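Novice: Before I ask anything, let me first share the structure, which is written out below as structure tokens.
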Amino acid sequence: MVSMMEVKSYRFQAEVFVKEYLLADGFITYTSVLCGLLMCKMAYDMTHLVSSLYYKKYASLTKLQKIEWNNRGMSSIHAVFITIMSLYLVFISNLFSDQLVGPVTIRSSNLSTFGLGVSTGYFLTDLAMILWLYPSLGGMEYVLHHLLSSVALAYSMLSGEGQLYIYMTLLCETTTPGVNLRWYLDTAGLKRSKAYVLNGVAMFVAWLVARILLFIYLFYHIYKHHDQIRMLHPFGYFLSLTIPVILFAMNLAWFMKILRGLKKTLTKKQAKQQ
């Protein structure tokens, strides 16, 4: 049996490895992106394995449907990871607190940089899949969204600038599991189920909070700290002012589609009850 001393020794070695290599200043940008790529591979394969074992209709899906099914499992796992990271860094950690001395726009930590690297790895992987199978996994709006996200993430990760605003924007990923669940239910032939309706309502609320109201707060924060944003490199300054506006416009367009879809679903539900 493994003794308690050996367990403590293994734990200490693991902590040293993480601090000295994975989260070390000289390696963090490389290891974090690599971790993001590996996470995507593991999540994709895990979705395939679990679905094959526990969902009988998975085998009857077409090749493209299976790819999209696994891809959405991958994006859901990334969404959970980055949502937890964003909530912690934006609302719990004092890393971006106004109470600390110095501009909030140039603050970063090894943890925040690592999170951006993992997310960069995900967006690059997903973008590659979208382009390879275009337009099966998404149209031009998804290509634009992922390109903007990848550029902003990579710049903030490498420069350490504007990480607060990146994490505020990444809170959009809160809505991803709901969007994916909607697709899963539709593909499984459960579009008329109660679960589909409840998920639609939850997705509407989450989208309103994470992609509309939070962006309004983001614009207020940018306005309030504009003097600090002007201290950024010109490219960082440009990204801070343009990308949130573009993403917000896309969020509004998608939100209107969700609203119309929810109204249509609720109307059909009421018609059946009468």
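Cβ atoms here come from the backbone N, Cα and C positions, even for glycine.
Features from TrEMBL:
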| type | residues | note |
| --- | --- | --- |
| DOMAIN | 64-267 | domain 'TLC' |
| TRANSMEM | 27-55 | transmembrane segment |
| TRANSMEM | 76-96 | transmembrane segment |
| TRANSMEM | 116-135 | transmembrane segment |
| TRANSMEM | 164-185 | transmembrane segment |
| TRANSMEM | 197-223 | transmembrane segment |
| TRANSMEM | 235-255 | transmembrane segment |
Novice: Of the stretches 27-55, 164-185, 197-223, which racks up the most C-beta pairs under 8 Å with the transmembrane segment (116-135)?
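Specialist: When the Cβ pairs under 8 Å are tallied, 27-55 comes out ahead.
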Novice: Kindly state the mean pLDDT of the domain 'TLC' (64-267) in the predicted structure.
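Specialist: It averages 95.
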